[in-house]
Amino acid sequence: MGNLLNSIHSPADIKHFSVPQLEALAQEIRDRLIQSVARTGGHIGPNLGVVELTIAMHYVFDTPQDRFVFDVSHQAYVHKLLTGRANRFDTLRQPGGLNGFMLRSESQHDSYGAGHAGTALSAALGMAVARDIAGGHEHVVALAGDAAFTNGISFEALNNIADQTRRLIVVLNDNEWSIDRNVGAIARYLHKIVTNEHVSQFHDSAARLLKRIGGPAAANMVRRAEEAAKGMLWPSVLFEEFGLTYYGPIDGHNLSLLIDTFKFLKQQDRPVLLHAITQKGRGFEPALAGQKKFHGLGPFDPETGETSSSGQPTYSEVFARSLVKLADQNDKVVAITAAMPNGTGLDHFRPHHPARYFDVGIAEEHAVIFAAGMATRGFKPYCAIYSTFLQRAFDPIVHDVCLQNLPVVFCMDRGGLSGDDGPTHHGLFDISYLRGIPNIVHMVPADEDELADMMYTAMLHDGPSAIRYPRGTGPGHAVKQQPEALPIGKAKVLHEGEDIAILGLGALLPMAEQIREELARQGYRAAVINPRFVKPVDTELLAHYADRVTAFLTLEDHVLMGGFGSAVMEELNALGKSTPVVRIGWPDRFIEHGKVDQLRARYGISVEAAMEKLAPYLTRSAPLSVR
């Protein structure tokens, strides 16, 4: 049949394809996904699982007039290939290339941007209601994985759909996985439906009947039979109780069946939910064998699936090993994750202390309140959540943890720039959104050993704590056998100096050392300080240097607005000191995806940029101001 994928410039190009051609296209897409993502890295497993589903959606519906909303949208690679971006697909997640998620500014076919779970149903309902008010006729289709239904936002939307619109299609992509295996009652409920042999036999028969008869008569007959069967096979279908007519489960890899089903659903004048069973990693044996690993990963060998490793432990691994040691010593230590045991490292904790390990699903708000409840009973919860995902639980952090001064520890992985995953996954706001909350202590380690010390310090602290640490590996410092408790709010002076005081926060402490060396070459002596604490800031240290240096330089892997540099300025102002503060950090904008080093250079987070900003202060007679 030739190279079908290269002939597709818009979804309209597949509408004349036969089913055998579409099946051949599906194989081409899988081959392209494997070969391309092997070079760029990305979410290979989820996308291999939705190839037929996405092809069928584009075959039946007409984007951009019809609207597709992908929950999380990490599974939108096939959609990108079918909507005119195949010739740029090799740039996926690369600097200046395609984003790894849906992005409204990237294509008119991307109706809604995403990167976090649970948003698709609410957004799709908003589009459907807007269409109804405007008198439009376009279709709105929300594609959400079964993991998204462990998120409370999805149920808030379900609670409103039937009351607010008559036409909305929800596609439940059920592969039984988020990143790890799905957990909780919803996962068990869906599994029960899928494994009900009588239900499966009924739907196979219904599909054959629909295909054989066709037309409205068949649709009505099948619907009446389904309703009768549902009453016999299970007394109360969850989605029907929310007012959505349920269809399924059906084979999410059967193109002919999917196309017929979508054509049928397209004619319905009521909210419907299609339950499609898919296989994560389908068509690539390494991804099938390692579904957790191949959810999302860096470059890999397209033949074997093998990935390279530096051998040096990541911050996530150091965190997990340290937590195991703390739990060995203290039977009140518990670990909580929101569907991220692999990403946070807690899959290492689980076998050591299974009774004190809790995966609550994609439910960050619940995770925080659950932790608060445990803390009231004398336990020490370590709540491991990516920085970007913890912002979803801001109110529980304030209302349930900090207001009650409960000893919950927030372990914020991916604090700082995350790189290839882009703005939905950068952890650039946590200092701003946490440091204004009373009672919380906020720590930032500069190396692996300091992370272990901070986790120990948090265990001893009788109040809320937060620890932010970056993605990937650190400088390679060995972790002590027994961690040390750090004095709360005290920085560590690494080098004394009387010209400039450099405060290098966390991962940017090595840059502080480089700036010190450059200043020394120019004849200036700079103090280098490891702040360690964002809150409380070491006021005594600031007062000491404010009377000695011509300027402070703060370095942070965080937005400048409300960040660590702002905290330093506020403390100096409270002390009545007018010493200038030069701040290096991220600007007031959403930072695109790309390589961390390249993005830092582009946005002036570099030795060169710091030296340029410091130039006016490299003399004792420089005017006092804040830059």
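Every residue gets a Cβ built from N, Cα and C, even glycine.
Taken straight from Swiss-Prot:
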- H74, G115, H116, A117, A147, A148, N175, F284, E364: thiamine diphosphate binding site (BINDING)
- D146, N175: Mg(2+) binding site (BINDING)
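Features recorded in Swiss-Prot, as mapped to the structure shown.
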{"residue": "H74", "record": "thiamine diphosphate binding site", "contacts (Cβ under 8 Å, 6+ apart)": "H43, P46, N47, G100, F101, G115, G296"}
{"residue": "H116", "record": "thiamine diphosphate binding site", "contacts (Cβ under 8 Å, 6+ apart)": "V72, T388, F389, R392, T424"}
{"residue": "N175", "record": "thiamine diphosphate binding site", "contacts (Cβ under 8 Å, 6+ apart)": "P46, G49, G145, D146, I277, T278, Q279, K280"}
{"residue": "E364", "record": "thiamine diphosphate binding site", "contacts (Cβ under 8 Å, 6+ apart)": "A338, I385, F389, L390, R392, A393"}
- Please work out which residue of D146, A147 has the most C-beta neighbours within 10 angstroms of its C-beta, and give that one of the binding-site residues. A147
- Message: According to DSSP, does N175 (thiamine diphosphate binding site) sit in a helix, a strand, or coil?
- Response: coil
- Message: Over all pairs within H74, G115, H116, A117, A147, A148, N175, F284, E364, the annotated thiamine diphosphate binders, what is the largest Cα to Cα distance, rounded to whole Å?
- Response: 32
- Message: According to DSSP, collapsed to three classes, what secondary structure does E364 (thiamine diphosphate binding site) have?
- Response: helix
- Note on the structure: Under a three-state DSSP reduction, the secondary structure at A147 (thiamine diphosphate binding site) is helix
